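Remarks on the structure that follows.
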């Protein structure tokens, strides 16, 4: 990257006037030890946020061209002398090279931004190791969960949270003010013992997606095996026909909508179970079982995987006529029609069924796209609570209903055709209707005024069996107090 590019960072200067909580941090001098990618991005962000930046390097003349012109690049010892807050942007194995600066670093705040290459690679965290090397300094763990790209492009294009921990409250407050001026949201994670967990966070690959992905894979394998038996194995055993060519496209395309449809219903099923629990116990303060609580927390990921499968299903469906096997079957049908001297094979019912089936499917995919887009943090943050709830809850349920219509129009009257029950196994789409129809019926029941009113009262704090005081007039005209159950 050229010096000119570094001098013109992506972020513009953000004024902090009028915000008393972050004004004290603006304008102070911040030190950065290191000249790697993260150190350069950090220096750019600090300069754009109104800080004076001093970069300490072992080769300042060679590294100066990599930093913005507003940042001063000098030797490490000189940089340390000019500031009280220093970002240590070097690897753990290079901490020992800073030991010669121990006397100059005494009393300074060191912000450790390093990460490991493996989870729990060392017995102690990098921040604790740094604190042991410099006992006269105050070490704060922070900014390690923020990428170099986020520092340059801005918090709107990445995670806004900065996790901070230290044994000094004053040091945490100082670093938190700096993070706020930079446009991030500081999160206090407690004392230095939390540094080990903070350093493990960037090393975990999609931790919130583990259960939803395994769920989607499990459903895919189940439905794929079921469809394989019906579409490939059954013709081979009963009719000695080789249908293996159907596996890459047709069997997969039959499986994907099943997974998507069931996954979409699993987004709203835990809400139904939670409502049933609240109605049964008559309170919202009773803790849900751990499995239900985990289920509720993974609904976003399950919904996005549902959209992913639906999008793949749409692409696969568009590719069906492009297959050579489809062309052969089409020509074979035309030849048979000509030999039998049939002028037309038009079936009005089938034409209308397919038209409705495709139209409803397009609408369902469109609603799923809307749900997926609004689940992105950048979009969700621009919506208020009522707008987000309407899209994710109301439109999501409508998407489930339309997906059900899509499935029903696909099956039509074939569910009653005995030829569809191969090996006495029902068609796949009939199995997928079980969970979604249960959710839809439950939602309809909950919308009844008597149940809806009771559920609304519970979610507003009403509890069954709780006693409340009341006042009634006595025979003498005086008022007497008493108690009654709130569920009367």
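The backbone N, Cα and C atoms fix where each Cβ goes, and this holds for glycine too.
Since this is a predicted model, take the numbers as computed values, not measurements.
The domain 'Pyrroline-5-carboxylate reductase catalytic N-terminal' annotation in TrEMBL covers 29-116. Per TrEMBL, domain 'Ferric oxidoreductase' is recorded for 259-401. Taken from TrEMBL, the feature region 'Disordered' applies to 1-23. Per TrEMBL, transmembrane segment is recorded for 211-229, 261-281, 302-323, 356-376, 388-409, 429-451.
Counting Cβ pairs under 8 Å to the transmembrane segment (388-409), the stretch among 211-229, 261-281, 302-323, 356-376, 429-451 with the most such contacts is 356-376.
Long-range contacts of the transmembrane segment (429-451) within its own chain (CB-CB distance under 8 A, at least 6 residues past either end) are made by residues 226, 257-258, 261-262, 264-266, 268-269, 272, 275-276, 279, 397, 400-401, 403-404, 407-408, 410-411, 415. Within the chain, the transmembrane segment (211-229) has long-range Cβ neighbours (under 8 A, six or more residues past its boundaries) at 247, 251-252, 254-256, 258-259, 262-263, 266, 294, 298, 301-302, 305, 309, 422-423, 425, 428, 431.
For the domain 'Ferric oxidoreductase' (259-401), the mean pLDDT of the prediction comes to 92. Long-range contacts of the transmembrane segment (302-323) within its own chain (CB-CB distance under 8 A, at least 6 residues past either end) are made by residues 212-213, 215-216, 249-250, 252-253, 256-257, 259-261, 263-264, 266-267, 361, 364-365, 368-369, 371-372, 375, 396. Same-chain residues lying 6+ beyond the ends of the transmembrane segment (261-281) with a Cβ under 8 Å from its Cβ atoms: 215-216, 219, 288, 292, 295-296, 299, 302-303, 305-306, 309, 368, 396-397, 399-400, 403, 407, 432, 435-436, 438-439, 442-443, 446, 451, 454-455, 458-459, 464.
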